[in-house]
Amino acid sequence: MKLVGSYTSPFVRKLSILLLEKGITFEFINELPYNADNGVAQFNPLGKVPVLVTEEGECWFDSPIIAEYIELMNVAPAMLPRDPLESLRVRKIEALADGIMDAGLVSVREQARPAAQQSEDELLRQREKINRSLDVLEGYLVDGTLKTDTVNLATIAIACAVGYLNFRRVAPGWCVDRPHLVKLVENLFSRESFARTEPPKA
């Protein structure tokens, strides 16, 4: 099994962590989708990462589909509840965390443009998306929808999203007034799977 992606992608990191937590052996193929000579399109015609390539050569994309495929392999520990509705609730929170990653990626791309071409309105929109979503996640931790000691698909996605914000210095004050969220990500960052997938220093 091969995972095609970039070491800096939070979506790729989420899937690497799922595989590591389940003890599933895989080969990592480092491809930078924004490089002109990248080989991603041979695995995904959209040219996007991550892509999971099975032993039979079947290619799975994108991130939520791959996460579901990994879970369907029925390798312990389970990262989704057995109950379909509870599982869908976890997937909803995963989608929220993935949205934070998307907003972070858009912010990074916007800030990479020449200063005169950057849109402050666009950056503000993305910051607002991130902050609203982080507030909702903090609320889930306060009301018990999420717990700080839980390891599942949703909490892994949340920690990968926050890890990306830290890595790219997007929303630098995210931890202010969100103590439960801080506790959750600290617990997850201490796990071996997170240590092994930490993005390389610039």
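Numbers here mean position along the shown chain, with the first residue as 1.
Backbone N, Cα and C define each Cβ position, glycine as well.
Among the candidates V40, V49, V90, the residue that Swiss-Prot annotates alongside S9, D62, S63 as binding glutathione is V49.
Highlighted in sequence order, G5, F11, V12, L15, K48, P50, V51, F61, I66 have their Cβ within 8 Å of the centre of the Cβ atoms of S9, V49, D62, S63, the residues recorded for glutathione, and are not part of that set. The average pLDDT for the domain 'GST C-terminal' (83-202) in the predicted structure is 97. Per-class residue totals from DSSP over the domain 'GST C-terminal' (83-202), listed helix then strand then coil: 87 helix, 0 strand, 33 coil.
Secondary structure from DSSP puts S9 (glutathione binding site) in coil. Among the residues S9, V49, D62, S63 said to bind glutathione, no two Cα atoms are farther apart than 13 Å.
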